[in-house]
Amino acid sequence: MTSITVPTLAIGSGNHLMPVLGLGTAASPPPEPMVLKQTVIEAIKLGYRHFDTSPRYKTEEPLGEALSEAVSLGLVGSRSELFVTSKLWCADAHGGLVVPAIQRSLKNLKVDYLDLYLIHWPVSSKPGKYKFPIEEDDFLPMDYEVVWSEMEECQRLGLAKCIGVSNFSCKKLQHILSVAKIPPSVNQVEMSPVWQQRKLRDLCKSNGIVITAYSVLGSRGAFWGTDKIMESDVLKEIAEAKGKTVAQVSMRWAYEEGVSMVVKSFTNARLEDNLKIFDWSLTKEETQRISTEIPQCRIVVGEVYISAKGPIKSVAEMWDGEL
């Protein structure tokens, strides 16, 4: 297959270009380092340039090795052709710990800067404890103002081109916007035909924040996953009529909704299929069916970040009623 050029979206005040389709690296259990490295090299050959990781995924180091190998092999001209996202883990979401955390990620990834650095979840945990799942006694309230000002410092220092959040409800995002000198460029959240996030998308749009969708295909096989997308009759009917897969229809829908997305696959055929979404479109009727005929249900509720002893005691509190 010839390499495909993935379209981009401009993010942040500097209009930094983010490829709309990124390769996600979150898996349970984490992928074998050699498998991930090989996958990333193959993905770059196919045209992927956007890669999403986090200290929590245990994939920063093999991703970094793959990216530096891709540059040295000449698969890309330079680091600047790649878009790398990583995240601030809960144990580092404290005053004084944010800049050291991004510096660790940069070292793991063998890069001088991240294109995008996100607060991974809107909760902090005991500093220095990196065990996952987080123990119920170890959750702490996040000091949004302090943590966000240190995220801004990461951008001012040139360690991140853009900064943002992940898994933030409308209310929590508004809290960040109320204290921010540099507003978030991105909110990375679950979004798919079965959880379309209309309210959050409206808020993000009105504030110039780009949404990056995860679980666009339902994350089957992961502990947070679901079959509801791949088994949707509406999506199956549209896919059949168009000679596409359900995955391609789901991704095309997200693309047409104006969001970016990260999708995980460790098989070459799927990596290739996932890129084949840019040269066709859904009809008005098909888009209408997706928006009106698919029951809505949040899949990723974040129960592993909820604790009776922590600041977020229920699913309703995590998402501020956006369920």
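Cβ coordinates come from backbone N, Cα and C, glycine included.
Note that the structure is predicted; figures quoted are calculated from it, not measured.
What TrEMBL says about this one:
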| type | residues | note |
| --- | --- | --- |
| DOMAIN | 21-290 | domain 'NADP-dependent oxidoreductase' |
| ACT_SITE | TYR57 | active site, proton donor |
| SITE | LYS87 | site 'Lowers pKa of active site Tyr' |
| BINDING | HIS120 | substrate binding site |
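Considering other CB atoms within 10 Å as the measure, the emptiest surroundings among the recorded positions LYS87, HIS120 are those of HIS120. Under a cutoff of 8 A between CB atoms, and with a sequence separation of 6+ in the same chain, the neighbours of TYR57 (active site, proton donor) are THR25, ALA26, ALA27, PRO30. Cα-Cα distance from HIS120 (substrate binding site) to LYS87 (site 'Lowers pKa of active site Tyr'): 5 Å (rounded to the nearest whole number). Computed over the domain 'NADP-dependent oxidoreductase' (21-290), the whole-number mean pLDDT of the model equals 95.
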